[in-house]
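Here's the structure we're looking at; comments come further down.
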Amino acid sequence: MKRILLKLSGEALAGDKKTGFDEATVMKVAKQVKILVDEGIQVGIVIGGGNFWRGRSSENINREKADQIGMLATLMNCIYVSEIFQSAGMMTQVLTPFECGGFSKLYSHERVGKYFAHNFVIFFAGGTGHPYFSTDTATVLRAVEIEADVILLAKAVDGVYDDDPKSNPNAKKYDEVSIQEVIDKKLAVVDMTASIMCMENKMPMLVFGLNQENSIVNTVKGDFTGTRVTV
Ligand code: UDP
């Protein structure tokens, strides 16, 4: 793998607190990503916003505005994680699909090439910049745009199951599953819009548990125990 897109859920940043940030959790991620960057692997990152806000969080406000708050939540997450990454010795840049003054730089293909060439970790904040989308879709969109080799989906669960493992103890974990089967069976990997985009653009995914020791590094180095989503 030369270039990867790592997706972290907002909840993953919060650790046991479920909201806000858990610095120890983020530092563990930073140390693993540094190992990859030091080996010359180019790492792009998309982070969800669920530790702060979702477009569905309020029934009383307009969905477009609620989604804007959600997109800004992903920007807060990216600024925070980017700073922790810097403190762990990496160079980082936050890119957004909309102007945010000095908080970030506007996404462009050229900027991505420039920052990767200088060994920066790039944070793709602000989702797609449009309401009614998710950071799942932003992840696939950016992975396709930057021509990533693969998407690494770091989740609270350790792979893709045929049922919810939290409510069904007999749920079976897949070692490998095709994106077509994910779509047909509506398996909980990424949302439907993102799944279809993965299929159409032949973008593979590796799904694994963020909380397992060294799981990001192990996944990249082939010691993979999660689910491979093939295209
Ligand atoms: N969001 C959006 N457009 C995007 C990405 C995210 O409107 O392209 C908003 C949406 O409100 C979403 C929130 O940002 O609920 C947080 O993103 P995430 O993907 O974590 O949310 P989830 O899928 O859990 O709702």
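Yeah, the Cβs are placed from backbone N, Cα and C, and that goes for glycine too.
No curator has checked TrEMBL annotations; they are predicted automatically.
Note that the coordinates shown come from a computational prediction; the quantities given were computed from them, not determined experimentally.
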Per TrEMBL, Gly49, Thr128, Gly129, His130, Pro131, Tyr132, Phe133, Ser134, Thr135 bind UMP; matching candidate in Asp67, Asp149, Asp158: Asp67
Pairwise Cα distance for Lys7 (ATP binding site)/Gly49 (UMP binding site) [Å, integer]: 11
Pairwise Cα distance for His130 (UMP binding site)/Asp164 (ATP binding site) [Å, integer]: 30
UMP site, defined by Gly49, Asp67, Thr128, Gly129, His130, Pro131, Tyr132, Phe133, Ser134, Thr135: further same-chain residues with Cβ within 8 Å of the Cβ centre: Gly55, Gly70, Met71, Gly127, Thr137, Ala138
Spatial neighbours of Ser9 (ATP binding site) among the binding-site residues Gly49, Thr128, Tyr132, Ser134 [C-alpha, 10 Å]: Gly49
